[in-house]
Amino acid sequence: MISTDLVMGIIFVSQTTLGMMGNSALLCCFIINEFSGIKARPTDLIVKSLTCANFMVLLCKGIPQTMAAFGWTYFLDSIACKLVFYFHRVARGVSLGSTALLSFFQAIMITPRNAKYKYFKARAYNVIGPSVNMCWPLQMVLNALIPVLVTDLGDGKNCTDFRDLLYCAVAKPHNLTNALYVILLGSSDVMCLVLMLWASGSMVLVLLKHKQRVQYMHRVLCPKSSPETRATQTILVLVSSFVLLYSTSGILTMCLTFVNGTSRGLVHASVATAACFPALCPFLLIKHYTLVTRLC
């Protein structure tokens, strides 16, 4: 009978390889476009940041967890554990923030050119660069305490006050400071999810209203599904997968943090769901980004 660890190891290898290939292909497309002289879209900077962050998430979490699933436990020393967990948390935060920013700016750009949104649309392009540049240092500061909470479990170290994550260990939130810090990190994730839900909902409403205005023209000229319908479906798929995967990842992370006696299966499930969106993101993003940009 095949062991659970072997199955999870194969899943992690497939997930990490697929995600790295997808994100690398997306980055190569941007590099080719720059050398070809193709004019960059205003939101390309956000997508580049998102792609780099997704690549770092897969690199820092997928590879160590794959090695742990295949039986190589506690192979990192204390400094390596701190660096791996810190850069994973920073990259995960940037991935969340960049996805929310992308939805927010696309929602502004796709709104009608009336007086109500004229002020925001005129200044949106100037704010994109500073917003993306703020994501990385903000997440670096927000996750500054992560290295303090992480250590290795090699050489028979006492793990009473730490949560065993197979290749490293995280301090249990016994005191109030640690518990409040974990809640702070969780609240930043919730804010990004709420922003993306609002932006995606706004885009769907705008597209549906636009579809109603040009419905007769589409029936005459284009019997198939309209661009607005395809864009709406793509937005709903993207936001649904984003919210579902990151919400599940957040719940499992909270269980790992606060529930005693966590199992290897819970650790594997937490990492698998956390890496799902970074792995699938480039494939979802290519279709979504192309359709919505055409309609902006």
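A Cβ is built for glycine as well, from the same backbone N, Cα and C atoms used for every other residue.
What TrEMBL records for 6-32 (among others) is transmembrane segment.
Taken from TrEMBL, the feature domain 'G-protein coupled receptors family 1 profile' applies to 22-285. Mean predicted confidence for the domain 'G-protein coupled receptors family 1 profile' (22-285): the pLDDT average there is 80.
Residues or ranges marked as transmembrane segment by TrEMBL: 53-74 (among others).
According to TrEMBL, the feature transmembrane segment maps to 94-112 (among others).
Residues annotated as transmembrane segment in TrEMBL: 124-146 (among others).
Residues or ranges marked as transmembrane segment in TrEMBL: 179-208 (among others). For the transmembrane segment (179-208), same-chain residues at least 6 beyond its ends with a Cβ under 8 Å from one of its own Cβ atoms are 89, 93, 96-97, 99-100, 103-104, 106-107, 110-112, 142-143, 145, 173, 228, 231-232, 235-236, 238-239, 242-243, 246-247, 250, 253-254, 257-258, 292, 295.
Look at TrEMBL and you will find 235-259 (among others) tagged as transmembrane segment.
The annotation transmembrane segment is assigned in TrEMBL to 265-286 (among others). Within its own chain, the transmembrane segment (265-286) is flanked in space by residues 4-5, 8, 11-12, 15-16, 18-19, 22-23, 25-26, 47, 50-51, 53-55, 57-58, 61-62, 65, 69, 92, 95, 99, 165-166, 234, 237-238, 241-242, 245-246, 248-249, 252-253, 255-256, which lie at least six positions past its ends and keep a Cβ under 8 Å from the stretch.
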Do any residues, 6 or more residues outside the transmembrane segment (94-112), come within under 8 Å Cβ-to-Cβ of it, and if so which ones?
42-43, 46-47, 49-50, 52-54, 57, 120-121, 124, 128, 131-132, 135-136, 138-139, 188-189, 192-193, 195-196, 198-200, 202-203, 206-207, 239, 242, 246, 277-278, 281, 289, 292-293, 295-296
For the transmembrane segment (53-74), find every same-chain residue at least 6 residues outside the stretch whose CB is under 8 Å from a CB in it, and list them.
5-6, 8-9, 12-13, 15-16, 19-20, 23-24, 27, 84-85, 87-88, 90-92, 94-95, 98, 152-154, 166-168, 268, 271, 274-275, 277-279, 281-282
